[in-house]
Amino acid sequence: MQERENIYSDLDLQVALIGGVAFTSEGSFQELSVGTPYGDVLAHILEIGGRNVALIPRHADGNRHVPPHMLNYRANIHAIHELGVKRIIATNSVGTMKNHPVGSFFLPNDFIDLTKSRPSTFFNERTVHVDVSEPYCPHTRQLIGASLTCRNIGFSEGVYVCTEGPRFETKAEIRMMRQFGDVVGMTGLPELVLAKELNMCYASICTVTNDACGLGTGKMTVSEVLDTLADINDKLRGVLSDVVRSIPEQYPCNCSLATSDAEL
């Protein structure tokens, strides 16, 4: 680990962005292949808000779009850790189960993991019970909320439910999930937990792209998701620029202690 940290230290990376569907680098950037025990990861190194940032295009694999249940979450998070980054801001697309306006933003403050077959931990040889009592970094969430408020952009907060995908959920599943969750997506887990296992700050800004199954007026389509993302992309980039610029050198949070006193 020390050798890799020396390799990447000159980049002075303090923040990583994990981009979802339709979120990619704009302008000039440096491509960097980061080796991990779980495979190589292509990172884009670019400048945002006067700081160097690592962008991981979550679904990108050459010209192929990787579906959510096949993403190499462990490689992506491990690569960010290898780069020496301590703070992650993820972008996610979600369907609303509680009538949030389509095209609005949602900041998760808790999650329910309904995924089934994804490798979900770095600790297969040791027993480590990572603390997720406060899963999303409260300080980063506060910075995101402050930017949205300053820009007069409405947002909501609540519980993110993650399903396996790649199919959309059924009406019956949504009726069940809306009893304990607010939005539903396919990419938030195990990404968040893996970041916690490496003691990194992690926060998510979600775009509400559609009503969940059975709550809208018709058939669910990918086109409505992509159209909403295109409409809101400039707002999202502005908020991310604000947050990256305002992140302090030292964080007043306990994210770095997630695995403290956690191993049997």
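Going from the start of the chain as shown, residues are counted 1 onward.
Quick reminder: no glycine exception, Cβ is built from N, Cα and C everywhere.
TrEMBL entries are annotated by machine, without manual review.
For the phosphate site, TrEMBL records Arg58, His59, and the single candidate of Thr163, Thr170, Thr187 listed with them is Thr187. Looking only at the binding-site residues Arg58, Met186, Thr187, Asn210, Asp211, the one with its C-alpha closest to Val222 (site 'Important for substrate specificity') is Asn210.
Pairwise Cα distances among Met186, Asn210, Asp211, Ala212, which the record gives as the binders of substrate, peak at 15 Å. Using a 10 Å Cα-Cα cut-off from Glu169 (site 'Important for substrate specificity'), none of the binding-site residues among Arg58, His59, Asn210 qualify. Summarising the phosphate site geometry, the residues cited as binding it (Arg58, His59, Thr187) extend over a maximum Cα to Cα distance of 10 Å.
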